[in-house]
Every structure is written in structure tokens, then in C-alpha cells.
Amino acid sequence: MNSTQETSSYISKSRKFHDSWAFILYAITFLGFSTYAIVKEKNFLLNLSFTKPIIENGLFCSIVVLVAITINFVGFRFIPVLFLKATVCTFPLVLMATTLFFELSTMSLFYSLFAIFLWAAFVYKNWCYLGVVGKTMCIGVKIMIENFFTALIGIIMCLSLIILQIFLMTQLRIELSLHQAKMQDNIFSFFYVLSLFWTFINALYFFKVYVTSVVSYNLVEFGEHSRMSSVIKNTMYALGSICFAGLVVAAVSTLRFFVNQEKRRRSRNKEEGDMIAVILCIMALLLSLLEDIIKFINTLTLPYIAIHGGGYVKSVKKSYDISMRQNPIAAIGMTALNISLFITQVSVTSICLGPSILLAKIHLNDLIILKSILVSVSIPLVCFSTVMMVFSSAFLGIIYIKTESEDLIISKYKSEINAAFENK
């Protein structure tokens, strides 16, 4: 059997549509709310202003995002180790600057100091592995650059779904509160937010699987010739598992959203009840922690689903076994990349929000202008967050294939990957 046949059976073996119930449930939810929006709002109005300041603000944010994306790709492509170590080392400075910029409180200061302590422990223990992570990331970026148009198709599909859902949902003028007079209004509010979160997360997870599919098909099957149809087909087979993973995160995010809504409502109305306030704070903290844990697990799991096409639950177990036992570089690398990309995310967001906030202060009484400002800054930032997922998905795709079936990697990349791991 030749190499292509072996790798083909590896990448596509047992390719079935798993977790179909999650996909069906999502389809019903999405179509249900979309239909309701169309029926309820017969005239769809954007209600956006396209005045010169708004256009300039959107253009400024877009340029900032484009420059940041370019810096990350150039950094990981040509000076990967230096770039990764430099960004990881700036984490404490950026975190403290962010904490001081926003309303400083004892709790936020405690969180920041605790995060810095964890960062220091991670860097002290895993500094020697950052070189391997950086060099491996360089290979992933190289593959994605060589398949630029294939990656671009994935970005367009992902962003189209996000923008469509946000547009439909903004047409429903409802009060997002669980203190409605009617119980059915409370239930509707909950599922309204759940649907919004679910669609947004599904779109991001779709792109994660898509990116890993691109890397996998180039790394072990097609060499420098990318087959876009195979990548799309591989991603479509994973839609059920993607929806399952998205539902878990969306459910926790929705609960946290309404807990925070209740906290703000009580604070705004100056309601008494210290015990309830404490319980709400604890719930918000626990839900936030749970959400971060699930997101990290999904980040490790989705590339594995892209490679093997298994169900969500089984893939969680398998990816955990690889990341924590067989090859800890996966978890170490993901943590390092998250720290590195956090620096860029905070920097880009701060630069974009500065002019936007100043512009908003000038037009505080014009809701259409304020909405337009929000759109002009949020769309570039959503695009940035989406593109940044290329790094983690490409990295894990390489690590999983090397760990499980290194002999299937084509010679073009095998020597580079082996060289990256030589000084581990």
C-alpha cells in the first residue's frame, strides 16, 4: 500500500456523522429564532449611520487588526521562538496595565496577582519547551500561508454565520431579564441568549476544525496540493460534534450571563441582601472558571475530531490522554500560545476601543450613532479573534499526528518537525 493510501485511510478512517442529535437541536433552535425574527419584524432596518467619523473609525480598527494579524504571522513564521518568548514574558505588564485601566478593586487586583503567580510557575517549569512550541508553530503557519485561499474560505464561512445570526437576533427587541412578568418571557429570554452564544461558538469551532483539516491534509496526505473539497467535507462530517461542544460552552455562558445580569440589576436598584449578593458573586466566579476549563478542553478536543472524526465525548478522552500523558507538549504549547495571543488581543482591543470611546462620548444622545460605533469596532475585533484561532488549531494538528502516526508525515515536513523536537 503506498503512502497516499495509508494516510488517506488514516485521516478519513471511520468517517461518520457523530452526535447528530446536537446538530438537529441546533438547526431547530437556529431556524426557530430566525423564523421568529423574520415573522415578528417584517421590515428589517439596519439603523446604522455611515457618516465620515463612523467610516474612519471602522477603517482605523480594520487597519489595526490587519497589522496585528500580520505581525503575528510574520513573528511565528520567521522568528517563532523569540516572538513566543517575548510575548509570554510581557504577560504580567499587560495584565497589570489592563487591571489599572479599568476600575481597580480588591477582587480584580487579587485575580491579577493570582494569575501572575500561575504565569510565573508555568514559565519557570516549562521555559525549556517554548522553543519546541515556537518551531512547531512555525511549521503550522507555513502550511496555512501556503494554503491562504483555502483558509480564507473558512474565515468567510465562519464570519458569515456569526454576522447573520447577530443581525437576526438584534431585530428582536426584547428585554434580557429573568424578571419578566410572564414565565414564558423568562424562558424565551434564556433560549434567546443561548441561541446567540451557541451560534457564535459553533462558528468559531467550525473554523478550528477547518484549520486542523487543512493542516492534516497537507501534512500527511496531499503534500503541497490542498484539496479544498476534502477539507470542507471533513469539516462537515464534524458538525454534530462541533454543535455538542458548542452547546456545553453556550449553556454555561448563558447561565453566567444571567447571573451577571442579576448582579447588575440588584446593584442598580440598590436592593438589600448581602447573602444573595455573595451567592451571586460566587456563582459568577464558579461559572466563569467552569467556562474557561470547558473552553480549554474543547480547544484540545476539536483538532482531534478533525483528524479522526470521532464523537465528542470519546474525543475528549482521547485528546486528554495525548495532551496530558503521551505528549504534554500539546497542553504546554496551548497554554503558551494562549498567553502570547492574550497579549495581542488586549493590545488590539485597547487601541481600537480608545478612539471608539472618544467618539461615543461626543454622540451620547444619538442611539443610532452609538450602535454604528459599536458595529464599526466589533466586526474587526471578531475577525481578529477568528483569525487568531489558526495558531492553536494548526499547532495541535501537528502535535497529534506526530504523536500518533509520525511515520505518515511526508518527508517535506517530517525533517522540520523532527528538528523542532531535537532540543526538547
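From the backbone N, Cα and C atoms, a Cβ is placed for every residue, glycine too.
Record features, source TrEMBL:
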| type | residues | note |
| --- | --- | --- |
| TRANSMEM | 20-39 | transmembrane segment |
| TRANSMEM | 59-76 | transmembrane segment |
| TRANSMEM | 82-102 | transmembrane segment |
| TRANSMEM | 109-127 | transmembrane segment |
| TRANSMEM | 147-168 | transmembrane segment |
| TRANSMEM | 189-207 | transmembrane segment |
| TRANSMEM | 236-259 | transmembrane segment |
| TRANSMEM | 271-290 | transmembrane segment |
| TRANSMEM | 328-348 | transmembrane segment |
| TRANSMEM | 368-401 | transmembrane segment |
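Outside the transmembrane segment (20-39), and at least 6 residues removed from its termini, the chain residues within Cβ reach (under 8 Å) are 165, 168-169, 171-172, 191-192, 194-195, 198-199, 202, 239-241, 243-244, 246-247, 312. Sequence-distant contacts of the transmembrane segment (82-102) (same chain, six or more residues past either end, CB-CB distance under 8 Å): 75-76, 108-109, 112, 115-116, 119, 123, 127, 130, 133-134, 137, 336-337, 339-340, 342-344, 346-347, 350. The transmembrane segment (59-76) and the transmembrane segment (368-401) are in contact, since at least 3 Cβ pairs between them lie under 8 Å (pairs 6 or more apart in sequence).
Counting only same-chain residues 6+ beyond the ends of the transmembrane segment (368-401), those with a CB under 8 A from a CB of the stretch are 47-51, 54-55, 57-58, 61-62, 64-65, 68-69, 72, 76, 133, 136-137, 139-141, 143-144, 151, 155, 158-159, 162-163, 203-204, 207-209, 211-212, 214-216, 219-220, 299-300, 302-304, 306-307, 319, 322, 327, 329-330, 333-334, 337-338, 341, 344-345, 348-349, 352-353, 356, 359-360, 408-409, 417. Listed stretches 189-207, 271-290, 328-348 were compared with the transmembrane segment (109-127); the greatest number of C-beta pairs under 8 angstroms is found for 328-348. If you look at the transmembrane segment (236-259), the same-chain residues 6 or more away from its ends with a CB under 8 A from one of its CBs are 15-23, 25-26, 178, 190, 193-194, 197-198, 201-202, 205-206, 209, 280, 283-284, 287-288, 290-291, 294-295, 298, 301-302, 305-306, 309-312, 315.
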